[in-house]
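Over in TrEMBL, the protein carries these features:
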| type | residues | note |
| --- | --- | --- |
| TRANSMEM | B:27-48 | transmembrane segment |
| REPEAT | B:112-153 | repeat 'WD' |
| REPEAT | B:202-243 | repeat 'WD' |
| REPEAT | B:244-287 | repeat 'WD' |
| REPEAT | B:288-329 | repeat 'WD' |
| REPEAT | B:341-373 | repeat 'WD' |
| REPEAT | B:374-406 | repeat 'WD' |
Amino acid sequence: MGGIPLSEISHTEKLPLLRNCGRCVETIMSSKMQSSNNTAHARRTVQQLRIEASIERIKVSKASADLMHYCGEHAKYDPLLMGIPASENPFKDKKPCTIL
Amino acid sequence: ILNSGCNNNVKGKVKGCEPRVLSLQNILSLILFLLPASALTTGIYMIFSTKPEMATQEVQPNETLTNLKAESDTLKTKLEDERAKLHDVELHQVAEKVDGLGQFIMKTRRTLKGHGNKVLCMDWCKDKRRIVSSSQDGKVIVWDAFTTNKEHAVTMPCTWVMACAYAPSGCAVACGGLDNKCSVYPLSLDKNENLAAKKKSVAMHTNYLSACSFTNSDMQILTSSGDGTCALWDVESGQLLQSFHGHAADVLCLDLAPSETGNTFVSGGCDKKANVWDMRSGQCIQSFETHESDINSVRYYPSGDAFASGSDDATCRLYDLRADREVAIYSKESIIFGASSVDFSLSGRLLFGGYNDYTINVWDVLKGTRVSILFGHENRVSTLRLSPDGTAFCSGSWDHTLRIWA
């Protein structure tokens with residue numbers, strides 16, 4: 001069974017041993033079943049790639065322009081970007097009052 | 001130590017076992033692959049020249065692995081060519097005309113102390129003040145971030161609670177981890193009530209739960225797991241509504257598209273891939289594989305047209321969905337530790353990344369430069385999220401604390 005050799009795990013950061021590591025289970029299959037499973041998997045991969053290859057794409061210049069446009073439009077509503085006064089930010093402490 | 005994947009650099013998060021040596025299964029595949037091809041090529045091309053729906057017909061007896069692999073390689077090259085054709089400029093070049101950002105002064109405004117061990121995950125409530133966090137010691141705590149008071153605490157039956165999420169209504173939280181399940185706890189106004197008694201088990205995976213998120217309502221939960229799948233569940237009945245197969249290794253993170261942009265979500269995994277899924281059909285509609293190591297975190301850009309990812313390869317990257325490619329890399333030679341979690345500011349101009357070197361780096365999304373580095377945590381940052389109104393963000397760390405920054 002594959003896996004990270006225990007010797008490579010630092011003693012301070014032990015990974016908990018997985019009880020049911022489903023993906024590591026090796027099943028002994030007949031070579032015929034093996035072949036048809038691999039074929040099925042390869043066929044699924046090809047089908048998936050066909051779907052991905054056929055989608056419509058736009059140019060990076062257009063996509064970048066749109067991202068920039070969105071940032072520009074929403075910048076004024078972004079408290080972390082613009083910085084808002086302490087009085088409006090519930091997490092920032094209000095200025096303490098000085099008693100003269 | 002740098003880009004060695006799951007091997008030398010200890011992740012400290014739970015991962016499934018990945019075969020590092022040739023297993024029996026690998027050797028069998030190799031032998032079959034090398035067997036002389038006895039296929040009738042015309043037969044195979046007949047199948048694949050028809051529409052994808054027709055590929056479910058009877059398997060031609062002579063369809064071989066070699067021909068399928070050849071077809072798959074051709075398609076991969078075609079994908080790369082199509083993407084490259086539209087790569088006319090870089091994002092940071094287009095962004096040169098945008099004003100640079102000034103100095104950022106962000107400080108820790110609150111420190112939430114109370115967890116007894118590493119904080120692994122956190123989420124904000126829509127009311128912008130409550131936070132749920134989960135930890136390695138099995139505790140899930142609901143905090144009032146303004147006052148730092150703990151409002152609820154639940155002890156899970158397992159350790160390493162790697163995922164937690166707040167329900168949109170604010171009336172429940174979901175969490176899970178090594179128990180392979182995602183459970184929902186309704187939050188009661190009565191502080192004395194035992195939350196564990198009302199627990200509802202919703203999701204069941206065959207390996208650890210790595211992330212969970214409610215959809216637009218309290219009624220459905222999306223989960224990702226070390227078993228390599230994501231799944232959509234009905235909370236009330238616990239029924240599996242849709243499952244998403246496609247990752248070749250543990251899925252570590254997911255993020256739902258902003259509601260205006262429709263029913264999709266993105267997931268990232270140990271197979272270095274980020275996949276975009278259609279929630280209704282279960283189909284993977286786009287896939288991106290440019291990271292050199294596990295993808296620990298994915299987050300949609302506020303417009304829904306792009307998403308960012310953080311990876312163990314010490315980089316964060318931006319992928320544009322309409323251009324169907326990576327458009328920016330956020331990295332520096334001095335940053336050699338993995339990024340565990342990422343989130344955007346409200347306008348999408350800033351990207352916050354929590355790293356395993358205990359720091360939080362703030363990036364200018366458009367120009368690709370770092371604008372700030374935040375120190376404070378005393379161990380690796382494991383989780384990071386912007387508050388719902390964008391006034392602050394919260395980070396959780398292995399140093400047992402959460403910090404609110406503004």
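Each residue, glycine too, has its Cβ placed from N, Cα and C.
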Task: Would you mind listing the long-range same-chain contacts of the repeat 'WD' (B:288-329), meaning Cβ under 8 Å and 6+ residues beyond its ends?
output: 2-3, 5-6, 9, 11, 13, 15, 82-83, 86-87, 90-92, 252-258, 260-262, 266-276, 335-344, 346-348, 351, 353-355, 363, 365, 368, 384
Query: Do any residues of this chain, six or more beyond the ends of the repeat 'WD' (B:112-153), have a C-beta under 8 angstroms from a C-beta of it, and if so which?
result: 13, 159-166, 168-170, 173, 175, 177, 185, 187, 191, 195, 211, 379, 382-383, 385-389, 391-392, 394, 396-398, 400-404
Message: On average, what pLDDT score does this prediction assign to the repeat 'WD' (B:112-153)?
response: 96
- line: Grouping DSSP H, G, I as helix and E, B as strand, the residues of the repeat 'WD' (B:244-287) number 3 helix, 23 strand, 18 coil
